[in-house]
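Working notes, beginning with the structure itself.
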Amino acid sequence: MSFYDVPDGVEIRGRYDHQFAQILSRDALQFVAGLQREFRGQVRYAMECRREAKKRYNSGGSPGFDPATRFIRESTWKCAPVPPAVADRSVEITGPVERKMIINALNSGAKVFMADFEDALSPSWENLMKGHVNLRDAVNQTITFHDQARNRVYKLNDTIAKLFVRPRGWHLPEAHIIIDGEPAIGCFVDFGLYFYHNHATYRSAHGAGFGPFFYLPKMENSREARIWNNVFERAEKTVGIERGSIRATVLIETLPAVFQMDEILYELREHSVGLNCGRWDYIFSYIKTFQAHPDRLLPDRVQVGMTQHFMRCYSDLLIRTCHRRGVHAMGGMAAQIPIRDNPAANEAALELVRKDKLREVRAGHDGTWAAHPGLIKPILEVFTSNMAGKANQIQTAAREDADAITEEDLVQMPRGTRSLEGLRLNTRVGIQYLAAWLTGTGSVPLYNLMEDAATAEISRVQNWQWIKYGAILNGDGVKIRVTLELFAKVVEEEIERIKREVGLEKFTRGRYQEAGKIFAKQCTTAELDDFLTLDAYNLIVVHHPKTTSRL
């Protein structure tokens, strides 16, 4: 019987594996425990501030610019210069830390690959630990994958994308690692293990003296960015590298954060390389923020795009803020995936992607996201042909016109209609995504789009909003009120449709019925749960207390 070698106060409750033990070395665990012990009080306070803000919004309030930090917004400071290694981020691809995915993404022709421990990953013990093994091998450029079914070996090309890593948000625990009697904070595990094992090799082999590089999700306030800045400073000091080596891009994917963009960059100014429009989570956050406001019932999610006034203003203000401070303003996700059996439909989908990316680059974005390698080439063509031969538009797209954007612009209700088909699609996507998540898959192709936790969250909270306030569905030409009875019927019918679409064998093998019950419960609960995955997390935790740790 083998055991992990753990420092005092640390317990591992996940399955033992000799490769995992290389990642979970005593020194690496000591580093993670040090982060938890120093910063857990700050994280708890930040989460309490979120709860207090939620109470204000539920009492009729709305997010807005903070008068107390006006001097930060109006001062003429700059972030540290962008490292040359990541000056060009015109196209970035994202995906989970799965071995074959990592190789394909790094080889895709994208400028950056964001390896994801967050919304595109189901955080089982196996997925997380294998992900760290995979990333270590990727940084060392020794990663290979033998596809037994195709009898093909995948390996890295000579030229690969720059690697960024996205840890989980502050709110998610890691229940397989116990520190001082309580679950570890998930993002400290993700950041800490990756940084500890890879900082030296990354800086010398990939970052030209800088790095590692990160994406930071789900923040709502600059105090949360301050915690990350402190974490980075501690990490740099602990391993003896220069302050400002670590660089991070913050996803602006919550409604409160759009009013804190200057402040977030200010807190991270020595460690920042920009902000990103996390537009799917942003829509989710809009509904969640205004969950107690019956006058803010959104239209079908397919109608809430970047041409909506509040979304366009969010994008424009992000560009203005980033370029004023000297860092990248990254555009949103193109979630389309190739439609291999229908060339006409595939070309139509690609044309929508080109139009969306043309809008982004002309607005002033320095780069954008894609969910599939098949999108890299057409997106890259759009960006490179509209950037005048420059690596980015930081110096050329000031967007001073965005200074006129008001609080009212950023919260304006989107226009559109609600439909029974919208309710059905939300339900179908939510159940299928959750079924995949429960069986270990966090990024799922559905109906020619790549769905992750963000789009499943939109489906969940929109259903909840419509049910709670008895929304009238009139987009189909008839007026139908959403009731619990109607929703129960929709759930039953959509599960039957899923069974037909995936086939009886896959349906029986999967966890679709269980996912349907969980999703329906979350859509009908009296109080809206903050996160779908937080509620479902305990269903994928597998403890091995007798075989995996030595106390």
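Backbone N, Cα and C define each Cβ position, glycine as well.
Noted in TrEMBL for the protein shown:
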- Arg166: active site, proton acceptor (ACT_SITE)
- Asp452: active site, proton donor (ACT_SITE)
- 8-70: domain 'Malate synthase N-terminal' (DOMAIN)
- 162-412: domain 'Malate synthase TIM barrel' (DOMAIN)
- 420-540: domain 'Malate synthase C-terminal' (DOMAIN)
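Applying DSSP to the domain 'Malate synthase N-terminal' (8-70) sorts its residues as follows: 43 helix, 3 strand, 17 coil. Between the C-alpha atoms of Arg166 (active site, proton acceptor) and the residue listed as 'active site, proton donor', the distance comes to 14 Å. DSSP labels the residues of the domain 'Malate synthase C-terminal' (420-540) in these numbers: 81 helix, 10 strand, 30 coil.
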